[in-house]
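Participant: Input: one structure, supplied below.
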Amino acid sequence: MNFALTTLRLMCLAWLWPVALLKGSNTQNQRRHKDVYLGENTRHKHGGRIDFKMKKSDSTKSLLIKSEQLLRIEDHDFAMRPGFGGSAIPVGIDVQVESIDSISEVNMDFTMTLYLRHYWQDDRLAFPSSNNKSRTFDARLVKKIWVPDVFFVHSKRSFIHDTTMENIMLRVYPDGNILYSVRITVTALCSMDFSRFPLDTQNCSLELESYAYNENDLMLYWKNGNDSLRTDEIALSQFFIEEFHPSYGLAFYSSTGWYNRLYINFILRRHIFFFMLQTYFPTMLMVMLSWVSFWIDRRAVPARVSLGITTVLTMSTIITGVSASMPQVSYVKAVDIYLWASFLFVFLSVIEYAAVNYFTTVEEMKKLQKGKLPVSYNANQAMAYDGCFHDDIDVSPFPELPTTPSTTRTIPPRASSTEPPPTEGTRLWRKRSMGKNIRFIMSNSYMIDSYSRILFPVAYLLFNIIYWCIYS
C-alpha cells in the first residue's frame with residue numbers, strides 16, 4: 001500500500017516538473033522585459049543614461065534619521081529652552097568680522113558681514129560615543145532643535161547667506177555642548193556726528209540681544225572676553241579703523257524687563273586726502289584766482305567782471321556738490337564753515353571791484369566838472385572808466401593851461417584861516433582822521449586795489465591757520 005502511494009506521488013511530480021520550469025522561464029522573461037522597458041523609459045527621460053530603480057533608501061536620509069535617533073530628538077520638546085524652570089542658560093558668543101561692506105553718511109548706516117557663533121549646553125542632545133568625537137550637521141537639523149534667538153538691535157536689513165546651501169553649521173559634542181555658527185550680512189544704524197566733517201571720527205556699534213528671553217532665562221556673554229571679537233584684514237576707501245573692541249550691558253523694556261546686550265564697537269577715522277583733492281584744494285584755487293583781478297587794470301571792466309562772476313559760480317557749484325552728498329543735518333559742519341568763508345572772500349573780491357569802479361567814475365566826473373582833465377581825454381576814455389558810453393558828457397578838449405611856475409600846482413583854499421601855515425622844518429604829512437582817510441582813498445581809487453593785494457591774502461591765510469588749528 002505504501003509502495004503504491006509513493007509510486008503515485010512520483011508520477012505526479014514527473015508530470016508537474018515541466019510545467020514549473022515553463023512558468024519559471026516565463027516569469028524570468030517577464031522580469032527581463034520589464035527591466036528593459038524601464039531602462040528604455042529611463043534612457044528617454046535622462047538622455048541615454050540608464051538609472052535602475054534603487055531598492056534601498058537614500059543614504060543621506062538614513063544617516064540623518066540615525067542621527068536623530070542617536071540624539072533622541074523625538075523624545076524631547078525642543079520648544080522649551082534647556083533647563084526650563086531653573087536658572088538662566090548661559091550662551092557664549094564670539095564673532096569674526098569678515099568685512100565692512102559700506103558706510104553711508106546719507107543714510108547713517110553701515111553694512112557688515114560676519115560669522116556669528118553661539119556656545120551653550122543642552123543635555124537633551126548628549127549621546128554616547130566611544131571616541132568622544134563631535135558630530136556636525138547643517139541647517140536641516142537646526143530647525144528641529146532649540147537655538148538662541150539672537151537678533152541685531154537697530155538693524156535695517158539682514159540675511160543669512162544661502163549659496164550654495166544655507167551657511168549654517170551645528171556641531172554637537174557627546175557631553176551636550178553645542179556650537180552653532182551662521183554667516184550673516186547685516187545693515188545697522190550708526191548715529192553719526194558731522195560737526196567736524198570731514199575731519200571727524202565716528203563711533204559705531206553693532207548690538208546683539210535675545211528677542212524672547214530676558215536675563216532670567218538666557219544670559220548672553222562674550223565667550224573669550226576681549227578675544228571674542230576677531231577681524232580679518234579690513235581696508236576701507238574713506239575710513240581707517242582705529243579700534244575694534246567688544247562690550248556688554250543691559251537693556252530695559254518697560255513691558256518685558258531686562259535683557260543682556262552685547263556690543264561690537266569700532267571707531268572709524270576718515271581719510272582727509274580725498275576731500276583735500278575734491279573740496280579744499282579747488283576752493284583754495286578759486287579764492288586765489290579771484291585775487292588776480294586786483295592786478296588787472298581797473299578800466300578793464302569786462303575782464304574783471306567775468307573773472308569775478310566765474311569764481312563765484314564755481315564756488316556755488318562746489319558748495320552744492322558737497323551738500324548733495326551729505327545728510328540734511330540741522331547744524332553747521334566744518335566743511336560748511338570753510339566753503340562759505342571762502343565764498344565770502346570770492347564775493348568780497350567782486351564787491352571790491354564794484355567799489356573801485358564806482359569811486360573811479362565819481363572821481364572822473366568831478367574832474368570833468370572842474371575841468372582838470374587833460375586835453376587828450378576823449379569819449380573812449382570816458383567809456384573805459386565805468387564800462388558805458390556817456391553821450392551827455394561834454395568831452396570837448398579843454399584849453400591847455402599855462403605851465404608857468406605859478407600854475408604848476410593848484411593849491412585848494414584852506415577851509416579855515418585859523419590853522420597857521422607850515423613853518424620851515426615842519427612835516428608836511430599830518431595824521432588824518434578816519435573820515436579823511438576814507439575820503440582820500442575814495443579820491444584815489446587805485447589805492448583800493450593796492451591795499452587789497454595785501455589784505456585779502458593775509459586775511460585768508462589767517463583764516464586757514466585758525467581753521468586747521470581748531471579742526472585738525
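Cβ atoms are placed via backbone N, Cα and C, with glycine included.
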Participant: TrEMBL lists transmembrane segment for one of the ranges 137-157, 305-325, 368-388; which is that range?
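Facilitator: Among 137-157, 305-325, 368-388, the range TrEMBL annotates as transmembrane segment is 305-325.
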Participant: At a C-beta cut-off of under 8 Å, are there same-chain residues at least 6 beyond the transmembrane segment (451-470) that contact it? List them, or none.
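Facilitator: Those are 287, 291, 294-295, 334, 337-338, 341-342, 345, 348-349, 352, 441, in sequence order.
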Participant: Per-residue pLDDT averaged over the domain 'Neurotransmitter-gated ion-channel ligand-binding' (73-271) comes to what?
Facilitator: 92
Participant: Within the domain 'Neurotransmitter-gated ion-channel transmembrane' (279-365), how many residues are helix, strand or coil going by DSSP?
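Facilitator: For that range the per-state counts are 73 helix, 0 strand, 14 coil.
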